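Here the structure comes first, spelled out in structure tokens, and everything after it is commentary.
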Number of protein chains: 2
Amino acid sequence: MKSPSQPRDRGIPEATVARLPLYLRALHGMAERGIATVSSEDLAGAAGVNSAKLRKDLSHLGSYGTRGVGYEVEYLVYQISRELGLTQDWAVAIVGVGNLGRALANYGGFVSRGFRVAALVDADPEVVGDTIAGLNVEHIDDLEAVIARRGVSIVVLAIPAAAAQKVCDRVIAVGVTSILNFAPVVLSVPDGVDVRKVDLSIELQILAFHEQRKAGGPLMAVDSQ
Amino acid sequence: MKSPSQPRDRGIPEATVARLPLYLRALHGMAERGIATVSSEDLAGAAGVNSAKLRKDLSHLGSYGTRGVGYEVEYLVYQISRELGLTQDWAVAIVGVGNLGRALANYGGFVSRGFRVAALVDADPEVVGDTIAGLNVEHIDDLEAVIARRGVSIVVLAIPAAAAQKVCDRVIAVGVTSILNFAPVVLSVPDGVDVRKVDLSIELQILAFHEQRKAGGPLMAVDSQ
DNA sequence: ATCCCTTTGTGAACCGATGCACAAAGTCGC
DNA sequence: GCGACTTTGTGCATCGGTTCACAAAGGGAT
């Protein structure tokens, strides 16, 4: 026989990984409202995806549903959390405590489960030493020491584009392999380092493209009345 | 004969649209450094993509290169800008001037070209009437009037998850069809409305997944020495 | 004017992701 | 214990996107 609930495939598709947090959030909401089991149809609805896609996504983790019934909410929360690595605590350092860095540090929600802001770092002597969100702001010169001391494994870059590559190189040099970049610049990193980018400007430009398209296209080839 | 440099295909792939802002940024940098022409190889390098992909992307806009030479930087900047709709000015309203909303309002860079923060709105009477980034904060009750008066066509939601759907519905009701959502919630919108989502928590969770994977997987099935 | 060199634009194979549709598997009522 | 019903898990067709590889196109030298 085989043990019934084992993650089968070590290779989970990237598209699936990107949706797991969505499912997890929906499940947390259901758990809080006391819902014990949920069908793929309902969960897919809450997460805004197709139910077949949801089932296929979950099937990559293992066979955690019961046919005729659905998925047990608490159990699925645990399995997804474990798969995403949220059963452990990740220490996050935020580099740059300008407007954005401050917002991130104070944004309690984003560090809800599994993540902990462990350090704030900035280059401006004016803010070094300040306390933001209960944390002391340390100097960028001590970046490497801070990362080592606090056990930081994920670094968030909330600094100007011009400074991003240099800081990126420094944190990689001391072993960081996960970076969330808010600076509007393409970081070049060696293999094995993951960079995820959040770029407000790009998102707005994509919206503008579609908005313009709705309004009649760039040439405004009006055949409307 | 045919006019040589006409956008040929009105259906530009979504993946291409998402990369055009990247190319545009790289081109702006080159223009500032006085570079007149650029090859697909060099531009692709600056944007961090494969050169064949870049050529195929640009070919969707038209035939704007010269074989044996490359692309004229200024001309390409204009063509991409036009395609993205950045030759016109988009009025953006930011709803919610908490930490994040404030950061966005002050973040000059993201409203660089084509975009203009035209209104700030919040529900907290404490901040309504304040001036942030040179703009008066208006009350959420006047949301519809503000959108109409300022000609807002893109709305940025920087509010708590619980309030997002309601505000979303209201702006859609007065004709807004482009929304950039920072609230950690799946918005449901009618067809024809574009929502783009920026979710810090999800990005971190994806990083955590890969970080854990590097460290040996969720089961820590160590067969290493 | 011709040849060689560079670089674009694209046909075609490939790859991953999506969604339909259904068999397999389980529950519940009687 | 059995049959009807529900819902999962997945095979398969399809689709969009990526990458390779090369013919076509243009520039510059001689």
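Glycine is treated like the rest: Cβ placed from N, Cα and C.
Please treat TrEMBL annotations as automatic predictions, because they have not gone through curation.
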Candidate ranges B:22-61, B:62-101 [criterion: TrEMBL lists as DNA-binding region]: B:22-61
C-beta crowding around B:G96 (NAD(+) binding site), within 10 angstroms: 26
Neighbourhood of B:L100 (NAD(+) binding site), C-beta criterion under 8 angstroms, separation at least six: B:A158, B:F182
DSSP-assigned states of the DNA-binding region (B:22-61) in counts, ordered helix, strand, coil: 28 helix, 2 strand, 10 coil
DSSP-derived structure type at B:G101 (NAD(+) binding site), helix or strand or else coil: helix
